[in-house]
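Worksheet: the structure to be examined is printed underneath.
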């Protein structure tokens with residue numbers, strides 16, 4: 001495909017996607033291919049049953065793209081698989097049609113090329129999921145089939161799905177791979193039902209080498225008759241032929257309550273792995289990697305401050321960097337200080353800005369008063385049981401009630417490391433869930449501080 005042909009076709013797809021509903025675009029446009037543009041005629045390969053739709057709905061799109069790229073009115077010649085094969089047989093030569101047909105992928109993978117194992121930041125919270133994903137990519141269909149990855153939003157499940165697909169495709173460019181969300185699988189099912197073309201859907205999904213399904217919990221929410229049945233049959237067809245299946249979800253298979261038991265059982269045939277929110281060190285590593293995409297200087301204390309503000313998922317960290325970029329560009333700032341970062345992310349934080357007006361010294365004083373120890377003892381290294389508890393509670397409350405980063409909190413507690421603060425925070429948080437009297441004590445202290 002020439003450069004102009006590529007620009008023309010990209011523009012056709014862009015215009016079509018902007019005018020059509022997503023499900024309609026996926027069904028009628030997504031698998032079409034431009035073979036060539038010659039003498040102001042675009043030769044487009046597509047399913048024969050979709051030609052009428054193109055004629056009625058996309059003629060203006062092609063005209064617009066034609067004038068933009070070629071400054072001419074572009075006509076269309078639609079060709080189908082049978083046409084290409086017949087022409088090849090009759091001509092007996094390596095003409096453009098044969099070459100184009102050979103280049104047509106059997107299925108559009110829909111993989112995002114930016115996701116790979118190399119740019120996935122590993123930590124203790126995702127190490128097993130990464131190891132399992134790499135194993136599956138290295139030997140698809142033989143190890144951990146299916147692979148079921150579950151965890152909350154924004155933790156990297158989609159990244160791993162695409163990394164698996166891209167890794168397999170790199171080793172085998174002819175592999176038939178499909179990445180799709182469960183929601184889009186349902187949409188395709190609905191379209192094929194309405195058009196009475198279920199054989200086409202079966203052909204598309206049951207002959208894959210690798211099926212990557214994102215957010216499978218969406219399938220459990222749907223009561224449309226036949227959707228789960230079709231996925232069940234697709235799963236069986238692939239699994240029986242040793243073809244790899246990878247699924248992601250926001251919950252374990254056992255908690256997919258509206259999914260048929262026979263599907264849940266099959267999801268547990270292979271390996272189930274969990275991804276949990278990244279710890280502080282992993283968040284620092286993620287931010288250090290992500291800031292390379294921005295033309296700003298991020299001092300280490302700013303990175304650690306941001307890592308301390310968002311601990312639920314990676315998406316929040318990425319969003320925070322976008323917020324900071326917007327503010328920095330507006331103010332024409334090159335170096336992102338903690339103050340600039342705090343200003344930029346204030347609106348993003350779900351509960352608004354935390355009470356930064358509360359000094360850590362005030363928290364230490366109230367905790368010390370409650371437990372009968374001094375602030376000096378809380379900051380020191382003495383490790384008697386009553387002092388250690390007071391110190392850890394004070395660190396917990398400093399993390400809960402202020403905007404200060406973990407390193408900053410550690411500094412206020414005698415220069416302790418951020419990992420010490422994180423350990424104290426996690427320990428008290430876990431104890432609160434098991435010890436009702438401790439929970440009441442901490443609530444009492446919080447009320448006095450407020």
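Backbone N, Cα and C atoms are what each Cβ position is placed from, and that goes for glycine too.
Here Swiss-Prot flags 1-77 as region 'Domain I, interacts with DnaA modulators'. Residues or ranges marked as region 'Domain II' in Swiss-Prot (evidence: sequence analysis): 77-109. Look at Swiss-Prot and you will find 110-328 tagged as region 'Domain III, AAA+ region', backed by sequence analysis. Residues or ranges marked as ATP binding site in Swiss-Prot (evidence: sequence analysis): 154, 156, 157, 158. Sequence annotations record features per position, and here Swiss-Prot assigns region 'Domain IV, binds dsDNA' to 329-450 based on sequence analysis.
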What are the DSSP helix/strand/coil residue counts across the region 'Domain IV, binds dsDNA' (329-450)? 83 helix, 1 strand, 38 coil
Return the average pLDDT for the region 'Domain III, AAA+ region' (110-328) as a whole number. 88
If you count the other Cβ atoms within 10 Å of each Cβ, which of the binding-site residues 154, 156 comes out on top? 156
What same-chain residues, at least 6 away in sequence, bring their CB to under 8 Å of the CB of residue 157 (ATP binding site)? 149, 150, 151, 214, 248, 275
Helix, strand and coil residues within the region 'Domain I, interacts with DnaA modulators' (1-77) as assigned by DSSP: 46 helix, 14 strand, 17 coil
Beyond the site residues 154, 156, 157, 158: chain residues whose C-beta lies within 8 Å of the centroid, for ATP: 151, 153, 155, 159, 160, 248, 275, 313, 314, 315
Tell me, how many other CB atoms lie within 10 A of the CB of residue 158 (ATP binding site), whichever protein chain they belong to? 19
